[in-house]
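Student: Before anything else, here's the structure in question.
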Amino acid sequence: MSQHDPARARGRASGRPGPGIGLAVGLAVAAMVSVQTGVSLAVPVIHDYGALSTSGLRLCWAALALLLFVRPPLHRYGAAQWRAALVLGTAMAVMSLAFFLAIERLPQHLTVALEFCGPLAVAALGARGWRALAWPLLAAVGIGLLVSGDAHAAGGADPAGIAYALLAAAGWGVYIVMMKKIGPAFPGLQGLTVSLAVAALLSLPFAAAEAGTILFPWRQLAFTAGLAVLVPLVPYIFEITALRRMPAAMFGVLMSLEPAVGAASGWIFLGQGMGIGQMLGTGLVVAASVGVVRAGR
């Protein structure tokens with residue numbers, strides 16, 4: 001599922017492109033490809049075992065890996081740090097569970113575009129001037145084309161899927177805001193690690209309820225462990241490395257390509273083709289994302 005935002009890096013990197021800019025661009029693109037490939041590969045697992053259990057187990061594996069690697073000193077954190085981690089972890093859980101419920105019902109290109117409303121809204125709210133309002137409107141037109149295209153192609157876009165995707169978008173928006181706050185509150189990767197552990201704990205009851213047991217099939221455990229590597233472990237490492245070598249604005253523009261990457265991944269791995277209107281809709285969402293990032297500079 002997806003797990004990027006066009007505004008996430010603002011304020012964390014600055015300056016002119018350095019000598020490692022080529023590597024940084026490659027890593028940023030690789031992070032997007034890893035995320036969307038992971039989403040595509042998760043779809044068959046979701047259909048076999050369920051969205052909630054697949055999402056919950058993926059979060060558990062990712063949290064376990066970071067806990068073993070980072071080893072955060074949990075007993076040393078204050079109340080403010082725990083509050084921030086709880087809010088961020090809740091946002092992560094909502095974002096992940098809702099996204100997988102959406103991808104179970106909708107094509108990948110539509111799900112990713114709808115979820116992208118979250119970071120797009122946060123970036124638009126941070127931009128100044130009335131012209132900044134044009135970008136959310138452009139994105140709305142693009143999403144309308146996507147929904148309309150899927151309605152004609154599949155006999156109607158699933159309303160529940162759309163609702164879940166928008167819920168995931170809301171979770172992603174809160175995630176962006178809280179990630180900016182959690183960074184200064186924790187050293188290194190400790191904030192992310194604790195928040196991800198909270199998300200895993202919150203998701204596990206939903207996973208167990210869907211499966212009817214906590215003794216998950218070993219095949220599902222193996223599949224979700226692999227998915228956890230693709231999303232979020234590898235992308236996060238790639239993003240952190242890229243942000244150290246490139247300006248935040250450039251990183252944000254690159255991340256704006258994610259709806260297009262999601263559409264390509266859905267076509268390659270799932271055979272989810274798009275009509276002219278859907279391609280145009282995806283292009284409008286990407287253009288709106290680039291525009292809102294540049295407007296917020």
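Just so it is clear, glycine is given a Cβ too, placed from its N, Cα and C backbone atoms.
The annotation domain 'EamA' is assigned in TrEMBL to 161-293. Taken from TrEMBL, the feature transmembrane segment applies to 21-43, 49-70, 82-103, 134-155, 161-179, 191-209, 221-238, 250-270, 276-296.
For each listed feature, how buried is it and what is near it?
Tutor: Here the transmembrane segment (49-70) has Cβ contacts under 8 Å with residues 1, 42, 92-93, 96-97, 99-101, 103-104, 188-190, 192-193, 196-197, 199-200, 203-204, 206-211, 216-217, 220-221, 223-225, 227-228, 231-233 of the same chain, all six or more residues outside its ends.
Cβ atoms under 8 Å from those of the transmembrane segment (82-103) belong to residues 1-3, 39, 42-43, 46, 51-52, 54-56, 58-59, 111, 114-115, 118, 160-162, 164-165, 167-168, 170-172, 174-175, 178-179, 181-182, 185-186, 191, 194-203, 206 of the same chain, restricted to positions at least 6 beyond its ends.
For the transmembrane segment (161-179), the list of distant contacts is 1-3, 5, 7-8, 84, 87-88, 91-96, 98-99, 101-102, 104-106, 110-111, 114-119, 121-122, 147, 195: same-chain residues at least six beyond its ends, Cβ to Cβ under 8 Å.
Packing against the transmembrane segment (276-296) from elsewhere in the chain are residues 6-7, 10, 109-110, 113, 116, 119-120, 123-124, 126-129, 131-132, 134-136, 138-139, 141-146, 148-150, 153, 249, 252-253, 255-260, 263: each is 6 or more residues past its ends and has a CB under 8 Å from a CB in it.
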Student: Under DSSP, the domain 'EamA' (161-293) has how many residues in helix, strand and coil?
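Tutor: Computed counts for the domain 'EamA' (161-293) are 112 helix, 0 strand, 21 coil.
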